[in-house]
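Before anything else, here's the structure in question.
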Amino acid sequence: MQYKYSGILTAVPTPFDGDGRLAAGLLSDHVRRMAAAGADAVVPLGGTGEYTSLTAAQRLNVVTTCLEAADGATPVIPGILSPGLGDAVDNAKAFVAAGAKALMVVTPYYFRPTQDGIVDYFRAFSDAVDADIILYEIPYRTGVSLHYETVDRLAELTRVVGIKACNPDLAQQMRAAELARDKIAILTGEEDVFPLHIAMGAVGGIISSSNLVPKQWAAVLRLAQEGRLAEAIALHASLRPLIDAVFAEPNPAPIKAAMTLLGWGTPDVLPPLRAASAALRERLAGVVPASIERESTVSHFFS
Ligand SMILES: O=C(O)C1=N[C@H](C(=O)O)C[C@H](O)C1
């Protein structure tokens, strides 16, 4: 089956200047950096992009900046992380008017909705917004889990083309993939178990640490998709120190600290987040350079 979106899609952070304003030049440079590294898409305004901390105007500025930098060559799939329909549709329509063709839309939260209510929500969003939808399930942030049968029901919606599953429940993910993998693209957000999700039918992932090592993530994906699971797991294991550091404090503070180390960004995050601690910055200084150096060791997978 051909999927519109698959591979390594990088959740890019939103860089701020010292006054909390968008550092558009840094964002443009990073989108081009990801495109040059072969990212299959960039995903601004996810959790990594601090969607929930920004104004509607700031969000739209991020989207237009990414679209201009990507220049039609690399898909830009903005997140919609609003808790409910009105704000979600307003932001989505603005992003589509700016040129976005696909959106990553989180499950409605705060309401503690029923599974039927979740289906109603995405049906209403789909009726209101002319864009491809990648469902976004992340129970540890929203408190909302999708039953595997709900995933299958949502996969029947015309505009739903994928799901980003940030859910470490492998039994649930396996059942959802059995039902929906031939209808929509299963994308994992669980960096911790990425090879296993691929072995279960995921066709890629929306990843934060691929801001730093996109080629190594693409190599893990390539190995897993070729059935070379032991090699995929071994290569993934070499990323473990970086993955653990990037999620040692609330995302995206660590990834921003790592990018600051490389001269690619700034450490600033918006409340309630706090910049990475001095101890974590020291830990990243010991992990990031070596991880970046290993990017050149996987080029043979793509020759
Ligand atoms: O921003 C995202 O998209 C992601 N957010 C998740 C989180 O912040 O918990 C992690 C996932 O890898 C990507």
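Note: Cβ is positioned from N, Cα and C throughout, glycine not excepted.
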Check TrEMBL for me: it has I206, I207 binding pyruvate, so pick out which one of T14, T48 it puts in that same site.
T48
For a quick check of packing: other C-beta atoms within 10 Å of the C-beta of K164 (active site, schiff-base intermediate with substrate), how many?
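Its Cβ has 31 other Cβ atoms within 10 Å.
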With the pyruvate site defined by the record as T48, I206, I207, how many Å span the farthest pair of C-alpha atoms?
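This binding site's residues have a maximal Cα-Cα distance of 11 Å.
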By the count of other Cβ atoms within 10 Å, pick out the sparsest of the recorded positions Y110, Y136.
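Candidates: the recorded positions Y110, Y136. Fewest Cβ atoms within 10 Å: Y110.
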As a check: which entries in T48, Y110, Y136, K164, I206, the recorded positions, place their Cβ less than 6 Å from an atom of ligand 1?
T48, I206
